[in-house]
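Trainee: Let me begin by handing over the structure; questions about it come next.
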Amino acid sequence: MGSGWSSEEERQPLLGPGLGPAPGAAWRSRGEAAAAAVVLPAAAPSPGRVYGRRWLVLLLFSLLGFVQGLVWNTWGPIQNSARQAYGFSSWDIALLVLWGPIGFMPCFAFMWLLDKRGLRITVLLTSFLMVLGTGLRCIPISDLMLKRRLIHAGQLLNGLAGPTVMNAAPFLSTTWFSADERATATAIASMLSYLGGACAFLVGPLVVPAPNGTAPLLASENSRAHIKDRIETVLYAEFGVVCLLFSATLAYFPPRPPLPPSVAAASQRLSYRRSFCRLLSNLRFLMIALAYAIPLGVFAGWSGVLDLILTPVHVSQVDAGWIGFWSIVGGCVVGIAMARFADFIRGMLKLILLLLFSGATLSSTWFTLTCLNSITHLPLTTVTLYASCILLGVFLNSSIPIFFELFVETVYPVPEGITCGVVTFLSNMFMGVLLFFLTFYHTEISKLRRESSKKAKQAEQQ
């Protein structure tokens, strides 16, 4: 990373004299840097070492990302229940999801912190923000207006934790894992955040009952007080899990191993300023970044308000939750499998992405034509909705770790945290645009429906 992220003593070559990259090697790709190890003298010691504790570090970081995704997607799957319990409007529901991409606005500050202070300090700050955010949502207040503001503030603080859990996975894998494990570690660390969002689709609708008109539940269970108690149970549970993870991270989360796992991990990287200049002047990187940011950002925003989108076609929040859950879980499983395959087969990242995006194109076309059944006359059934949405999530979500590896390989020796920070910032920009459009569209449609209903009633009275 940058030269100022640690003390002068720590910035000495980690591999010893003669074992680091040769002058000019910083301009090679990560694969070339790793391959350079074969030309070392026979008497030289091993160029790297991996430690068993790397899996514990990966587990802590992945769980942190899992819970951050779970907290971010708390409200979308139970938006009908949240309206009744707290008086949320459609704008409130969309804004609760929108705090995720808004939290990415200061992501460059987190990139700087990761570059200068390392992984431990950045992760501790991230987990502390999550503790504050989930704690604010649990403050018992009877004033609904103030309660809604606290919930919004809590979601914003949790959104500020997003840049670390979504950007630092490639940096962690390079710091702790050998070359034949990097893609797998990146996939696990990055996909667990999405898996947390998927579990919100499952936990919310199963714990929190739906209000009248969206699910056949008993009237006593649909009371406002009962729904509010169930929502608060979810909030307290999430707060407890976040506090536990913060304590574990505080107790043990080393910034780096005693010795680097590879030559690429020990090589000098570009400074913070030069990294941005290199990224913005690399046309190939910018094209790949847009190929990642547009579809993945739009899909992430679409998934966050899936219940709101499917309500007009009479899909309950429980069914919408299951659709969102399986689409993301399938993508996580396939993504980790693809990453493990990429660890063994180098040079096929582009082909893998082309196959995944071809499947995503067909799946999204199927879903669109099915929803336009009044024009296409295709059957709109639960099976077709489940199949098209799940396949779309599988193809798109499984491409995330492959993209991350391609980004890092393309712009090496730019630090991994900065590279992935830029692309996830772009992705969240497109997510925010979609959520704003959906909120505006839904609000205008609701106004038109209310006006039409009033005019119809006036005409009947006359």
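A Cβ is built for glycine as well, from the same backbone N, Cα and C atoms used for every other residue.
Because the structure is a prediction, the values reported are computed rather than measured.
Grabbed the feature section from TrEMBL, which reads as follows:
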type	residues	note
TRANSMEM	55-72	transmembrane segment
TRANSMEM	93-113	transmembrane segment
TRANSMEM	119-139	transmembrane segment
TRANSMEM	234-253	transmembrane segment
TRANSMEM	285-310	transmembrane segment
TRANSMEM	322-342	transmembrane segment
TRANSMEM	348-372	transmembrane segment
TRANSMEM	384-404	transmembrane segment
TRANSMEM	416-441	transmembrane segment
Trainee: Residue list, the transmembrane segment (384-404) vs rest of chain: Cβ under 8 Å, 6 or more residues beyond ends.
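Mentor: For the transmembrane segment (384-404), the far contacts come to 169-170, 183, 186-187, 190-191, 194, 288, 292, 295-296, 299, 303, 306, 310, 315, 319, 322-324, 326-328, 330-332, 334-339, 342, 349, 352-353, 356-357, 359-360, 363-364, 366-367, 370, 378, 420, 423.
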Trainee: Quick one: do the transmembrane segment (285-310) and the transmembrane segment (93-113) have at least 3 Cβ pairs under 8 Å, skipping pairs fewer than 6 apart in sequence?
Mentor: yes
Trainee: Quick one: do the transmembrane segment (234-253) and the transmembrane segment (348-372) reach 3+ CB pairs under 8 Å, ignoring pairs fewer than 6 apart in sequence?
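Mentor: Contact criterion not met.
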Trainee: Any residues 6+ beyond the ends of the transmembrane segment (119-139) with a Cβ under 8 Å from its own?
Mentor: 60-61, 64, 67-68, 71, 110, 113, 147, 150-151, 153-158, 160-161, 164-165, 168, 171-172, 175, 232, 235-236, 238-239, 242-243, 245-246, 249-250, 253-256
